[in-house]
């Protein structure tokens, strides 16, 4: 039974046989009553003594008892005590409110304040700052305004401390203009109020207003301290004004103010954004000289800075030199390793600290999930998400957008749907970044209708949402819908950016809409003032090449105002493979060998162009080049989700448990295909072998294996979704087209170029694979 309830039942009993005489409290009880550090058990013993001695109704003593329960966060006990007092006064209520506010238990503080008003007890000027602080802690502007109204009604709105607390509340709730209006009415403006308002304007990105207030403060005779400078530096940082933050830091230093640890941890993020390694090293030297080595925030900021500046060795040295590593520094280190492509190292660090029992937080797990999603470790990302929930951590509006790309990358539709359901249950679906990630995930999984449904359900849409749905339609080769959305977006008041035009140009290139593509390419700079980027030129190269205008595409590349990158030359090389253009294929391949010497895909495509022309000596030459450089062709790999489980099939894999059944199924379908007059396209076997061997090689392509596996393990008529890590070959394209008609299946295949929607013996790409 709860001690407090037990004691409360004793309240109406006469102490010690009913003689009515209270015994004096012993010294230990008095000591506990006058202590702020009494434990819950000591507090309950004191409570019992007060009841036994009949002193419980002494207002001074029961108020002390209230304070002890509040200090120990015994909310139920404290409330029961308050209920037991016949006529609680202001001091009783204030004791609880101050205690709760001091420990940031804002909800409890406001509830007690409400009860006080209901009891008809009027607050005083000493109570209002604690109540206002609780409103600020909850970012509850509406409640804060009501409290402001109460302060006015009770005549304390001009009290300096009440006004100061209201000023901070409005600033914390993002109402800088309201705060400024209040500030103008302050009878006395101290350095704290000036600094708070300046920091508020800095946080909102209002540079001119922040600087004007800064200089105005100095005119009044108040000189800034480090808190004032740091407020502006961190404020400019948070609002993305990194140049302003760095300029303010330099000004602070030039005026003779010595930056403290807070100054350093505030400026390092700005240095990170500019990747200014030299300045970062200077700051690091300053940290060592000033002895900030024990400040964990400074070291976390240094780790982050070195990570963003691609200085992995220095980042690791800072991390290793830390005497005590907190979770913030571990998170920064993991993120830095991942950012520099060392995701395996990041996973090892994460696993090590998890194994040592470190209390990894939601930021730790989310960072690791994002790292895996962004570095091709999609299955690891899904496993980490599952582990995180087993550990009892609840995903948030940042975790879900980090997870969903992994679901989309490998078409893990059921995992993606589970994340969608979670976002609906927890109310984070309306977050535009969660919504955009869901739109992208469903599009990548071949469910463009569900992408559109998510888009239509979003209560508010920003440019990211519009670009996500346009990208989805573009990937699926739906140019009409992409262009319609492009115009709808502009009518809704959103201006297109370079990503919007990439979506439209990509859709045009995939559908052979040459005239429309040229229109939007020209319109981009003329009407919207957006200079063409490399990705736009890559789309135009594909567009021209699809129309058979390879020479025009090459001329466009040569006339580009910027140096073509691997993306542009890669678009031309891929088109040369489609049209078997040896001359331009050799030119583009040579450029790619310079730009991407370690990318085996470029060598393979050139080899394929030679093989298609029967130039076997050239094929051998390219393969020898690869061998000399230690390069190997990436093995074909396809994924398919069956019965909520993701299955991976490798080209030529002989270890799959259903290998024999898959090959038998493919042979049966091949016979049916031949009966209908369709024969394997041997030109896609890029090896100089016999015809029978060529057919055997074609049978082992991963996308065929995945489709056959899906046919064997799903009900007749159900759709199949396959993801391939390489571009689909022409023979597999023809084969899957036939299967979609013969088996009566919808089959979605996503390769590195686009989505292929096979249905009734046809494909959405118009056979331009």
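From the backbone N, Cα and C atoms, a Cβ is placed for every residue, glycine too.
Quick look at what TrEMBL lists:
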type	residues	note
DOMAIN	677-769	domain 'DYW'
REPEAT	89-123	repeat 'PPR'
REPEAT	190-224	repeat 'PPR'
REPEAT	225-259	repeat 'PPR'
REPEAT	326-360	repeat 'PPR'
REPEAT	361-395	repeat 'PPR'
REPEAT	462-496	repeat 'PPR'
REPEAT	497-532	repeat 'PPR'
On average, what pLDDT score does this prediction assign to the repeat 'PPR' (497-532)?
94
For the repeat 'PPR' (462-496), could you work out the same-chain residues 6 or more beyond its ends whose Cβ comes under 8 Å from its Cβ atoms?
432-433, 435-437, 439-440, 442-444, 446, 448, 451-452, 455, 503-504, 506-508, 510-511, 513, 516, 528, 530, 750, 754-755, 757, 764-766
Grab the same-chain neighbours of the repeat 'PPR' (190-224) for me: Cβ-Cβ under 8 Å, and only residues 6 or more beyond its ends, written as numbers and ranges.
164, 167-168, 171, 174, 176, 179-180, 183, 231-236, 238-241, 244, 257
Sequence-remote contacts (6 or more beyond its ends) of the repeat 'PPR' (497-532), Cβ cut-off under 8 Å?
463, 466-467, 470-471, 473-475, 477-479, 482-483, 486, 489, 539-540, 542-544, 546-547, 754, 765-766, 768
Where else in the chain does the repeat 'PPR' (326-360) make close Cβ contacts, counting only residues six or more beyond its ends and a cut-off under 8 Å?
296-297, 299-301, 303-304, 306-308, 310, 312, 315-316, 319, 367-368, 370-372, 374-375, 377, 380, 391
Count the residues of the repeat 'PPR' (326-360) that DSSP assigns to helix (H, G, I), to strand (E, B) and to coil, and report the three numbers in that order.
26 helix, 0 strand, 9 coil
For a three-state summary based on DSSP, what are the helix, strand and coil counts in the repeat 'PPR' (190-224)?
26 helix, 0 strand, 9 coil
